[in-house]
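J.: Pasting a structure here, questions to come.
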């Protein structure tokens, strides 16, 4: 009799289990997709100057909420994965001319040149010199999307192809791009300055490219001549500090490290006939034992220690990271500088963000922009599920550079008016 009375309660128990399972799944989804995270304007750190006030007035994106796609856009991992896998949505195909420059060591640097498609807002000749992320080039979708948008806003664009990154361009010397070598970028800038003597420059770097462009500008004051401003997006500022965080599983950085190392291995091995061999002559030639260690490498640090540092004769990995990072060059940049990172970037540890924060608190020319979301070079926008072709990052960079161009024009006009007034006196 008691057994008969207990039997009807079993379905209720099972329903409770199902409900708990559904609740657990929903909880995991909410946590993984970070759905409870609010949308907000980016955090800004800057000095209160006439320029910063003008920028805040002229760049609505600096004070407006960045709203990513509702379902997945608040997850830095998904933003990063979508950038890494598909780059952008419905990416355009801008037409450019490929230029080849022979370096002093026999290397052949290449870059693609794209002419403006509209008149610039200040009706001046302005060229964006762009340095892509690690192992990237002008054919990457995020670069194509940005270039197309910049062209339509009146900018000429020159995009560096990292040495060894293009699959159809063979190396002509036993050297590839490295974390902070500025030789190829400098050669491209010099070509632009010589070919277009009236043009002014806007310097833009993405991820590793941000490190390169900041280091280039800080290496010598002459590199900042004719430069209106610089924008760096999603860089890590110090490879020496970053190497420890890249070996941690927090935010899956160790997994990202493995994926990037695997991609770097493929690129290096595609050039092994030029990079490895007895005929190679460089400060520390790569040998067969280096090739063996490369095959077994599972992190960027191992690859950097085995191969990359030797391209420039560094005696240790520590020396390579110290000398190739832009950290010590940032205080030497005097042109307007905007540093952009995302708070949920899984590749850039929170501790590294203290570098741009401290710099922007001390330097009047620096503005640090930190949105809550965006991942690593994602910054997708959209209503619910599907992202828009143009990202928040693309719009911000062009909006900022437009404002800087207008600022410089206003200064020039004020100066001309003052000179005219003094001449009449």
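Every residue gets a Cβ built from N, Cα and C, even glycine.
Summarising the annotation, TrEMBL assigns domain 'AB hydrolase-1' to 127-383. Summarising the annotation, TrEMBL assigns active site, charge relay system to 207, 345, 376.
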J.: Neighbour count, 10 Å Cβ-Cβ cut-off, for residue 376 (active site, charge relay system): what number do you get?
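T.: There are 26 such Cβ atoms around residue 376 (active site, charge relay system).
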J.: What is the interatomic distance between the Cα atoms of residue 207 (active site, charge relay system) and residue 376 (active site, charge relay system), given in whole Å?
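T.: On Cα coordinates alone, these residues lie 8 Å apart.
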J.: Within 10 Å of each Cβ, count the other Cβ atoms, then let me know which of the active-site residues 207, 345 comes out lowest.
T.: 207
J.: Can you tell me the mean pLDDT for the domain 'AB hydrolase-1' (127-383)?
T.: 94
J.: At the level of the C-alpha atoms, what whole-angstrom distance separates residue 376 (active site, charge relay system) and residue 345 (active site, charge relay system)?
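T.: About 5 Å separates the two Cα atoms.
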